[in-house]
Each structure stands twice: as structure tokens, then as C-alpha cells.
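Participant: The annotation domain 'Aminopeptidase N-like N-terminal' is assigned in TrEMBL to 15-200. The domain 'Peptidase M1 membrane alanine aminopeptidase' feature in TrEMBL is assigned to 235-451. Per TrEMBL, the feature Zn(2+) binding site maps to His307, His311, Glu330. The active site, proton acceptor annotation in TrEMBL covers Glu308. Positions annotated as site 'Transition state stabilizer' by TrEMBL: Tyr392. Sequence annotations record features per position, and here TrEMBL assigns domain 'ERAP1-like C-terminal' to 527-812.
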Amino acid sequence: MENFKGQPRLPKFAVPKRYDLQLKPDLSACKFAGSVSIDVDIVAETRFIVLNAAELSINPGSVSFSPRNSSKVFDPKKVELVEEDEILVLDFAEALPLGLGVLAIGFEGILNDRMKGFYRSTYEHNGEKKNMAVTQFEPADARRSFPCWDEPSFKAKFKITLDVPSELVALSNMPVIEEKVNGPLKTVSYQESPIMSTYLVAYVVGLFDYVEDHTSDGIKVRVYCQVGKANQGEFALKVAVRTLELYKDYFAVPYPLPKLDMIAIPDFAAGAMENYGLVTYRETALLYDEQHSAAANKQRVATVVAHELAHQWFGNLVTMEWWTHLWLNEGFATWVSYLATDSIFPEWRIWTQFLDELTDGLRLDGLAESHPIEVEINHAAEIDEIFDAISYRKGASVIRMLQSYLGAECFQRSLASYIKKHAYSNAKTEDLWAALEEGSGEPVTKLMNTWTKQKGYPVVSVKFKDQKLEFEQSQFFSSGSLGDGQWIVPITFCCGSYDKKKSFLLQTKSENYDVKEFASDSNKSAWIKLNVDQTGFYRVKYDEELAARLRYAIENKYLTPTDRFGILDDSFALCMARQLPLTSLLTLMGAYREELDYTVLSNLISITYKVGRIAADARPELMDNINQFFINIFQYSAEKLGWDATQGESHLDSMLRGEILTALAMLGHKETLSEASRRFDAFLKDRNTPLLPPDTRKAAYVAVMQTVTSSNRAGFDSLLKVYRETDLSQEKIRILGSLPSCPDQGIISEVLKFSLSPEVRSQDAMYALAVSKEGREVAWTWFKENWDLILKTYGSGFLITRFVSAVVSPVCASLCATS
């Protein structure tokens, strides 16, 4: 028995084929009872069966193994639940016969409040607080609901039955085939599922409304939500129907199940979860209120729905073999969600906004402490650590880079081949490369191994000399340190025009490229832009002459928004890594005074905040001048957009208005603060006033908090009142994200205390942690004093990681700026 402890994977001498699972949740007592009969194939001689279980009470007398071709029943002589390894070891007195048999286990468990496993979420119905029962099994928490082989490679069929209060809705992965009412309880039986991994099993029990539609080939699609909010599911429903049809064509494989349910859960740790046929979401990622949701909320719903539905093929139908290949699931779903959103909403120019994903990946991967896309996972406890910007955003970015290199048609054709080949089974990264290599004839494995098996990425330095471009790659570290990584880099560049695009693979540390055709006397001042449209996952450092030409091109609007974004983002990163002086960055920022593109300006605002924080710590006496410099940059776009939407304006202008006005409020722009106050007062009198629509509310809320003090707290109290009166999660988060911008330390203390109160759902508390520079020390002290409570609330997992990062990162940045 000792041989099974401390192992990264379960032994493979027994393989599950089918689960017959029966559960009876008690929503009042917050517990559940269950039984499972598992068809198991004994494939090697053993007297043990080892599977996963955690936080369950196993009834030893209920455990038995019955071989299919024998009347003999094997009862284990010992049943041991090893909590530290989350395994259940069944020790039988004699070797089990090879072949199929049925393993029966009875168990009980707790409906926990930690948003993982089989847990409870709270909601209000007719003024009464109620519980619903919800599952969240990814990555390794199905074992908290029933004993199982809780690894993605152990795919099996599932036949699920739930005993629930008769007035409640009970959902699972598959359609209901029978409901039997017996007084206050009913037994709900579901159709047997196709084979799938345990982390995709799902069931939800509670009171819900729904809206319904069908795809052209008859797939029933529903959006479930709290009673009274059904209309808020209409937008997600339309997106889901169109996305399913789009993916059916793109992957050349129909959606594999007879129905798709999507459900909004009030307490939910992640943004959403792609359970096969029953996708669970935070309310903010699924519901859209025409009157009170902002354009940014609408876009988030669309991209999250597209991401989760991509998983129905890429993840659910074809599943990673082990968590080392998580990036295959998440990187691909992130990338293809933009493909789908762009197809449905081309006016959103979503591929330009994809650069935010790229930047997040570059930012984390520039740290010495980063990790490769493919990470060896040696214990289930390690899995949560890789649900990060490397798996999602770097993963998506290198897929985009590869698609750009191979061409869209070849890439799609090869993907369809990969999905057909591995449907209803498991795959590794190498399987995807093999399919793409076969379809393209390109050395995909050799190219991509340099991007997935080592951490980091290059900065490509380029100089123009003697009618040649000199390229040199070196590993980029945000600390400015030197690294020794080397990549096969798909280089693209344009000289003076997008009609003159060149590309090649940089396979060595340095290489020269002859550009005589661009270097004529009439073309000496022509701009040269590398990494065209930012499709490559690398940064570019230009020599002074080339950088000056690019500034001129930006000022004269010769470059696309994606390239304007890339030049700015690379320059900021190089400046932070001390490879460019701050004056060079500020000069470049000045070239964006007439910028109107949403994504470019959004990044410019983000950079402004970061530079401002550093300057405030290093040279506080210069802050008035620096803030005025930034205000001047944003003045043009702010005046163009104003506070009020115009008839028929674009989705992107709606999003940009709020961001620009918020930035001006944060910078202390007096006119913005004054106008925000006027509109906020009107909003307090009439929550439906046209003076403060959802797109500009956050700007007004932030502006109000800039003038709040412990002795003048009316604005703060008013915002808390709005928070308490709304039942829209998006509005609550808008307010939570605005409160900590206050410069008053006493108010910050109150905000932080409020974030851990019962009034704030635990997954939302981190929105209240983005404190002003004046509040950093207060936040750090509060964090240390409340650590035990924070640890108890969030336990292990990515939420506590975000919590720690939100508080600690600004403090560390402050120390770096002053050291």
C-alpha cells in the first residue's frame, strides 16, 4: 500500500469504463450522500484498486468488486483514504480476476463553501436567502464529489441520477430522460454521456429561469440564471447559437451532444468552466443587461462564451493526456474565441484587442521566475499553478504566430484533421504539431519546441547599416538581466509600405538582410517596422534612426493600430528593463496625442498609470508636471468623445469613452472631476438618468472617490448605497473597482475591511484591492493582519494567487522605484 503514496499519477492496472452515479444533496444541511457503481477493466494482475477521493466519508461496508463473468463478490480487507495524496486504496485479500467488473462504493460529503468540488452557492428568492448546489471539478476536484479516476486520460461514460427537492431545477451534462416525483423529492435521471474526463462532469441544483433557442441542426441551447433575470441571458444565447454553428464549420465536426446549457452561478471562482453540455459561468461573464451593462461587459460575455464553447471540441472531444498539456486546452480556446468573436462582431476589431492577451503573456514571461508553456506536473496540488498567463495568453499568442506563419487555410485544414483523428480520446502537444507538420510540410515541431519547451522569449534588435538590416536576438528579461535562450523566430517586416512585406525565419543569434530595394535616395527616411501586426511573440528594439522614423510614421498615421500598439508596448518594456531611457519613452508617447484607436489608447492609459506610479515614488516633486503631460496626451481624444454618446457610435468608442474619462479623473483633471460630480448627483436622484449610462459610470465613481476623505465621505457612502441596492453583479464590480482609488488612507482601510465582509462575494473581493499609491502601506498592513482569514477563505488555488499579487506587487514596485 505504501507504494501508492506520494505518486504523481494513479496506477494503470485498473481502468474505468463507465460510472453509474447517484447523488442526493441536502441543501439545508449542506451535505450530500451518494453511491457509485463503476465498470472497471482490470488490465494487469493486482489485488489493489487505487482511485481518487478527497473530503469524502467512505462507508467500508458498501465497497465491493463484482467480476462480470463470475458470481463471486470481492470485499476489500482494508479501505484507506489517504487525504494527503487524495487517493482511496482498496486492498483485497486476493488478486482480482482480469477483465471487466463492477466496483461499488457508498459515500457522503459536505457541500463546501470554497467554490470547488460539489459546493454551495447562495442567492435570494423573494427576499429569502437560499442555497444552490454547484460543481467545479477542474482541475482535480471531481474526487471531492465521488470516488473516481480523476485524471484526464481516464475517460469514461457517465450515467447520472440526482435525488433533489421536487420544486428545484436539476441539470447535468446530458438531457433528462426521466423525472419521478415522490412527495417532496424527485429522482432525475439523465441520458448516458459519451466518454469524457471526470473534470468535465457537472450537475447543478437550484431555482432557475431560462431562455431557449436552437441551432440550425436542432441542438437545443439554453441560458439558465436566477429567477427574474432571464432577459439578461438573451445576448449570450444568441452568441452561443452562432458560435456553435461557426465551430461546426471551422472544425469540420458537429457539436457532439444533443443539448448545450449555460448557467450563471452567483459564487464562482473562475470566469467560466467548459463542462461538457453544461457550461457554468460567473454572472458577469454570461448575463448582459441592456440598460445597466457597459459595452465592455457585452464584449466580455461574447469572448467568454466563445472560449468555453471552443472547449467543447478542443478539450472535451479531444482532451489533453495530462496537465502538462493544459496550454493545448486554454491557449487554443483563447485564440479561437477571438476568431469566433471577430466573425460574429467584425466591427469590434477584436484581433487588435487580442494584443492585450499578447502583452499579458509577454509581461509574465519576461520574469526570471516564468515557466515554459509545457510544465511537468508531479502532483495534483501543482496543477492550479499553471492556470496563468503563460498557459492562456502566451499559449494563444504562439498559436496565432504559427497560424500566421503557416497560413489560415492550411492551419484550419490541419486542425480539422487533428480533431477527427483524436476525437473521444486524448492528445499531447506533439500530436498537434504532427498534424500541422503533415498538413503544411513545414518543420512545425522543430520551430515550436523552441517556444513551448523553454521559458521566455527574445528581443530582436535591428539596425540599419550599409543598405542592410542587422538582426540580433537575445533573451528578454524585464529586470534587464541577460539570458541565454535562443528561438526560431518568424520575422516579418515592412519598409515604408504594407505592400512591401518580407518574412524569414531567424534561426541563429544574428543575421543580415539586404534591403537595397528600399534604401534608394528617395526612400532614405522610409519607416521600417518589424513583427508586422504583432503576430510574433517577441519584442523589437530599434536603433535611434529607425525609432525616429517610426515616431514620424505614428504622428502621420502611416501605421496600423496593431503596429502602433506594438511599438509603444515594446518601448515601455525596454524602458522598464533599462534598455531605453525614460525620456525616449515619453517622447514616443507624445507621438500618440491624436490617437483614437481603442486598443492603442487603452494600452497608453495603462502605461501612463505605471510610469506615474514609478515617478511618484522616485521623483514626487515632478508629479504635477508629469500628470499634466499625460493629461495633454489624452485631451484630444477626450474632447472628440465627450461624456455623451452620439447616435450610432461604435462599440469601441463606447468602451474608450469610459477609459479616457477614468484616466483623466485619476490624473486629477479638474474639468473631468467637476463634470463627473454633477452627473453622479443626477444619477443618485434617478438611476436611469441618461447623464450617466453604464459606459461612463466607472469614470464618475472613480472621480467621486478622488475627493472623498474621512471627514467628507458623502460620495463613499453614496456608492455603498448604490452597491447595496443593485442586484447586477457587473454594477457591484464597477463600484468595488472604484472604491480603492481614493487617496485617503482611512477610507482605504474601510474599503479593505468591506472587501472581506459578507456583503462581498469572495470571488469579487480582489476588485477592491487595487488601491491608490497612498493606500499601499495600509493595504500591506491589512493584508498581514488578515492573512489567516484570507487563507481560510481562499485556501489553495488561483484566487489566493491573485489576492496576494494585487496587494504585494504594488508594494514591490514601490521598493524597486526607490532603490
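Backbone N, Cα and C atoms are what each Cβ position is placed from, and that goes for glycine too.
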Participant: Using the alpha carbons only, what distance in Å do you get between Glu308 (active site, proton acceptor) and Glu330 (Zn(2+) binding site) once rounded?
Facilitator: 9
Participant: For each of the binding-site residues (His307, His311), count the other CB atoms lying within 10 A of its CB, then report the residue with the highest count.
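Facilitator: The largest 10 Å Cβ neighbour count belongs to His307.
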Participant: Using Tyr392 (site 'Transition state stabilizer') as the reference point, find which of the binding-site residues His307, His311, Glu330 has the shortest Cα-to-Cα distance to it.
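Facilitator: Answer for the nearest of the binding-site residues: Glu330.
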Participant: Specify the count of other C-beta atoms within 10 Å of the C-beta of Glu330 (Zn(2+) binding site).
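Facilitator: By my count, 24.
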Participant: Taking 10 A as the limit, how many CB atoms besides its own sit near the CB of Tyr392 (site 'Transition state stabilizer')?
Facilitator: 23
Participant: Mean pLDDT for the domain 'Aminopeptidase N-like N-terminal' (15-200), as a whole number?
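Facilitator: Taking every residue in the domain 'Aminopeptidase N-like N-terminal' (15-200) and averaging pLDDT yields 97.
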Participant: Residues near the Zn(2+) site, His307, His311, Glu330 excluded, by Cβ within 8 Å of the Cβ center?
Facilitator: Glu274, Glu308, Ala310, Phe314, Gly315, Asn329, Phe332, Ala333, Thr334, Ser337, Tyr392
Participant: Near the Cβ of Glu308 (active site, proton acceptor), how many other Cβ atoms are there if near means within 10 Å?
Facilitator: 27
